[in-house]
Amino acid sequence: MKYLNLVFVLQLLISIKYASFGRAFSLFEDDTTFANLDKQLKLPQNTQQTLKLDRLNHDDPLFTTFISSVDTDYSLRLRTVDPSKLGIDTVKQWSGYMDYKDSKHFFYWFFESRNDPANDPIILWLNGGPGCSSFTGLLFELGPSSIGADMKPIHNPYSWNNNASMIFLEQPLGVGFSYGDEKVSSTKLAGKDAYIFLELFFEAFPHLRSNDFHIAGESYAGHYIPQIAHEIVVKNPERTFNLTSVMIGNGITDPLIQADYYEPMACGKGGYHPVLSSEECEKMSKAAGRCRRLNKLCYASKSSLPCIVATAYCDSALLEPYINTGLNVYDIRGPCEDNSTDGMCYTGLRYVDQYMNFPEVQETLGSDVHNYSGCDNDVFTGFLFTGDGSKPFQQYIAELLNHNIPVLIYAGDKDYICNWLGNHAWSNELEWINKRRYQRRMLRPWVSKETGEELGQVKNYGPFTFLRIYDAGHMVPYDQPEASLEMVNSWISGNRAFSDLSTLENAS
């Protein structure tokens with residue numbers, strides 16, 4: 001997740017053509033509705049700049065094109081990636097684009113499982129932002145290799161494709177190698193595009209339709225994944241592919257509840273010592289109540305404006321005090337690394353950007369775009385000005401559970417921005433058919449079957465599981481690769497309660 005740079009956010013909001021912005025912020029003092037705010041605030045007409053691209057010829061003869069059987073305006077380009085050229089992995093790989101006419105082009109990279117690709121599950125991985133590339137997951141967290149300082153791949157023995165085939169999709173439009181003339185600035189629109197991609201993918205790989213299929217991601221994927229799963233449940237009731245579960249790591253899914261847990265996390269109630277003074281903690285605690293009122297107005301409104309205001313206030317009041325400490329918003333244990341990419345705090349992400357901009361890498365993958373960036377500010381700004389970040393998506397998690405589709409909410413317990421306290425809280429308050437039974441379950445130790453070490457805490461009832469992972473920040477696979485792999489292997493094997501098999505029935 002690319003956290004909101006507070007100066008950047010405030011500059012954007014000040015650019016709104018409104019004579020007295022303070023008049024809008026006076027609403028924070030009471031529970032006044034936003035009945036007249038639509039007339040008072042005027043959003044810029046163009047909140048997302050047109051992409052400036054250096055494009056290659058996408059009529060590349062190395063691509064095979066599959067035309068959608070449902071809508072011929074959509075197609076999927078597919079090419080084999082020679083594993084020996086890049087050395088990311090030795091397994092079979094494909095890359096390409098989903099195209100919509102000449103206006104939208106979504107890039108993906110697909111890796112077969114290292115184990116049994118004909119029968120192993122398939123996982124779609126999504127990073128967050130909004131506006132950040134899923135190649136962060138591929139080349140920095142959980143993929144077959146990471147990129148070293150010498151720009152060479154480093155084999156990852158804990159890759160999630162050890163026992164699953166992995167799809168890394170660059171979405172929404174404008175992220176990474178994806179491009180187009182249209183603008184996508186809401187989770188709802190992004191979800192529709194991702195769903196169509198999945199339909200086309202399984203048309204191109206029909207032998208995989210019966211395999212278990214999981215959607216996984218982190219951070220802002222806590223928005224994306226519920227929306228995509230909702231699209232599948234609503235539009236694909238006969239399941240032309242087999243949606244088996246979803247997994248969300250350190251996600252932002254229910255902003256109203258999660259915002260209440262910044263102060264506890266910063267002030268010593270999340271298992272780590274306080275990083276703010278008692279005075280700052282008291283001030284933040286008071287601000288949380290005001291943030292909650294604004295988020296309630298956002299949830300109740302059909303307009304984006306209350307959500308934009310909620311985002312601006314809550315981030316200023318609840319993120320800025322923490323950011324001023326100099327600590328990493330993704331890992332409360334220390335500051336950002338030196339020489340890291342802008343706003344992302346990790347030097348290794350700079351290596352990924354450099355690697356993906358090598359002409360030989362782009363040529364091997366068949367990219368239509370020469371300029372790669374791990375996070376796109378235009379996409380981020382577009383989502384900001386729809387208020388998307390403050391909108392709720394937990395209702396679609398309830399929909400999945402009520403359809404008996406398993407959901408895993410996992411969280412590294414040293415993250416601040418999407419911390420484990422907030423994720424535990426919203427999952428506990430989720431309205432679904434077995435809410436009360438789930439609430440009665442207590443967190444219990446999650447113990448490694450490999451080492452016998454306690455890796456975290458787990459809570460489960462039926463299809464719903466919450467997992468706290470010790471000593472991991474925002475990106476669990478990066479901080480705890482062994483635990484991350486054990487987690488995903490257990491989950492996709494059907495052990496939803498993360499229990500010893502002898503006690504699994506009682507635990508679930």
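Glycine too: its Cβ is placed from the backbone N, Cα and C atoms.
Annotation source Swiss-Prot lists signal peptide at 1-24, citing sequence analysis. If you look up Swiss-Prot, you'll see CYS132-CYS375, CYS267-CYS281, CYS291-CYS314, CYS298-CYS307, CYS336-CYS345 marked as disulfide bond, on the strength of similarity to another entry. Here Swiss-Prot flags ASN163, ASN242, ASN339, ASN371 as N-linked glycosylation site. The active site annotation in Swiss-Prot covers SER219, ASP415, HIS474, and the record cites experimental evidence as its basis. The substrate binding site annotation in Swiss-Prot covers CYS418, MET475 and is backed by similarity to another entry.
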Number of Cβ atoms other than its own within 10 Å, given for CYS418 (substrate binding site): 27
DSSP-derived class (H/G/I helix, E/B strand, else coil) of CYS307 (disulfide bond): helix
In three-state DSSP terms, the structure that CYS375 (disulfide bond) belongs to: strand
Cα-to-Cα gap, CYS336 (disulfide bond) vs HIS474 (active site), nearest whole Å: 13
Other CB atoms, at most 10 A from the CB of CYS291 (disulfide bond): 26
Candidate nearest HIS474 (active site) in space, where candidates are the recorded positions ASN163, CYS314, CYS345, ASN371 and distance is Cα-Cα: CYS345
Rounded Cα-Cα span from CYS418 (substrate binding site) to ASN163 (N-linked glycosylation site), Å: 28
Cα distance (Å, whole number) from MET475 (substrate binding site) to ASP415 (active site): 8
Among SER219, ASN371 [recorded positions], residue with fewest other Cβ within 10 Å: ASN371
Nearest recorded site to CYS267 (disulfide bond) by CA-CA distance, among recorded positions CYS132, CYS418, MET475: CYS418
Those recorded positions of SER219, CYS298, MET475 having Cα within 10 angstroms of CYS345 (disulfide bond): none
Most crowded position, judged by CB atoms within 10 A, among CYS132, CYS336 as disulfide-bonded residues: CYS132
Cβ atoms near HIS474 (active site) (within 10 Å, other residues, all chains): 28
Nearest recorded site to MET475 (substrate binding site) by CA-CA distance, among recorded positions CYS132, SER219, CYS281, CYS291, CYS375: SER219
